[in-house]
Amino acid sequence: MEKLKIIGGSRLCGTVKISGAKNAALPILAACLLTPEDLILHNVPDLADVRTMLRLLAGMGVRCRREGEDVILQASDIRSTVAPYELVKTMRASILVLCPLATRFGSARVSLPGGCAIGARPVDQHIQALRRMGAEVEIDHGFVDLQSKRLKGCKIVTDMVTVTGTENIMMAAVLAEGDTIIENAAREPEVVDLANCLRAMGARITGDGTSRIVIEGQPALHGAEHTVVSDRIEAGTFAVAAVATRGDVLLSAARPADMTVVLDKLRAAGAEVTTGEDWIRIRMDRRPLAVSVRTEPHPGFPTDMQAQFMAMDCIAEGTSHITETIFENRFMHVPELQRLGADIQVEGHTAVVNGVRRLEGAELMATDLRASASLVIAALAAEGESDVHRIYHLDRGYDRMEVKLSALGANIRRLSE
Ligand SMILES: CC(=O)N[C@H]1[C@@H](OP(=O)(O)OP(=O)(O)OC[C@H]2O[C@@H](n3ccc(=O)[nH]c3=O)[C@H](O)[C@@H]2O)O[C@H](CO)[C@@H](O)[C@@H]1O
Ligand SMILES: C=C(OP(=O)(O)O)C(=O)O
């Protein structure tokens, strides 16, 4: 196992290039199953989750080639439509192969993702939609077992806004007979990026980025080339780290248009935020002011930024309220932040954070992906040395985070333990 050793107190200064988005790359990789022709992807981040998805696809017979940030996929000789438990259990996004397999091959056996550290991860909406489109779906020994003739388009109103659900249903619909309308659809930029890739493959989709997506099913899709959208959560994480360390950081290859609420909250914390079309500069020369956040589906404040903001609020002037509405157990960073000296009380879905003047380095245990990022930020802002253990969580979603932070002046090293 590996850990990060961080000596806090350095201001982050300089330029960091933001990678392609994990949460866009994963559904787009799964989309290769929709065509026998080549899908050529650029700006694919080098992450544990991406490697897991490539292993899953390769196990089905997809030819996968990685050349730097490019990935070339060809699903012309699929020999298996099974997604085994061993791979799905390490990455919930594996469920994204279900609908491409269903709609192109009429057969799939995909392990249920089950819950994970941050909460239950149900997929009932995906299954209900597939049944409405005519598939026979059973749950068998922890697997979603599906058989279908050509799926039939229909109107689907999801019970709640679901990002992966919207992505899966969109992929089912692109090869279905007739039109599918998704009401209450997720509006996340990653949903739009998947729609852009599917359109490049010949799909007919309108309304992505709104809560009503219309898909006109096609008999087949073809090969395409697509560049994965910039990771707004990685950008947000580096932006918060800049604010927490009173730094001056330019995020290049970032998309401020996808991050309005996060950037507004950083301005409310006292940061000077300037933006161009594909860059963001964050300057901070004072102790942050406390900012309260409440997580909501896009365009609201993203749940994937909640833990990082809590780290910043720990050293802020004043009291903040952080409310998590998407996941029932996404406060596991709280006891670890308390180990650094943070003053936090959890009351139901809300954490009340009283900012303290200083945190002190400690041994810390990462519990999930964004919790890990929050501990790294807090350790960078703390006085003295911290060790962040179990960073395999961090590696699921951040491309060489410690290398990027070192280049900005952080004192951070990856060590074996
Ligand atoms: C709306 C939202 O913010 N979604 C987040 C969610 O996406 P992810 O796609 O993982 O989760 P969903 O958007 O599907 O889930 C949103 C909510 O709906 C519930 N649900 C979902 C599907 C389903 O079939 N049944 C059901 O009850 C979930 O339990 C959850 O409370 O986690 C990702 C990783 O942290 C984030 O990037 C997404 O921003
Ligand atoms: C929790 C996350 O990922 P996943 O949905 O893949 O678990 C995340 O991206 O913050």
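Cβ atoms here come from the backbone N, Cα and C positions, even for glycine.
Automatic prediction, not curation, is the source of TrEMBL annotations.
Cross-referencing ASP70, ASP145, ASP304 against the UDP-N-acetyl-alpha-D-glucosamine binding annotation in TrEMBL, which names ARG92, ARG121, PRO122, VAL123, ASP124, GLN125, ILE326, picks out ASP304. For the binding-site residues shown (ASP124, ASP304), fewest C-beta neighbours within 10 angstroms: ASP124. Taking the Cβ of CYS116 (active site, proton donor) as reference, residues of its chain lying under 8 Å away and at least six apart in sequence are, in sequence order, ARG92, ASP368. The Cβ of GLN125 (UDP-N-acetyl-alpha-D-glucosamine binding site) has THR158, ASP159, MET160, THR162, GLY165, ILE169 as same-chain neighbours under 8 Å, each 6 or more residues away in sequence. The binding-site residues in question are ASN23, ARG92, ARG121, VAL123, ILE326, and the one with the fewest Cβ neighbours inside 10 Å is ARG121. Of all residue pairs in ARG92, ARG121, PRO122, VAL123, ASP124, GLN125, ASP304, ILE326, the annotated binders of UDP-N-acetyl-alpha-D-glucosamine, the farthest apart have Cα atoms separated by 22 Å. Closest by Cα distance to ASN23 (phosphoenolpyruvate binding site), from the binding-site residues PRO122, ASP124, ASP304, is ASP304.
In three-state terms derived from DSSP, ILE326 (UDP-N-acetyl-alpha-D-glucosamine binding site) belongs to neither a helical nor a strand segment and is classed as coil.
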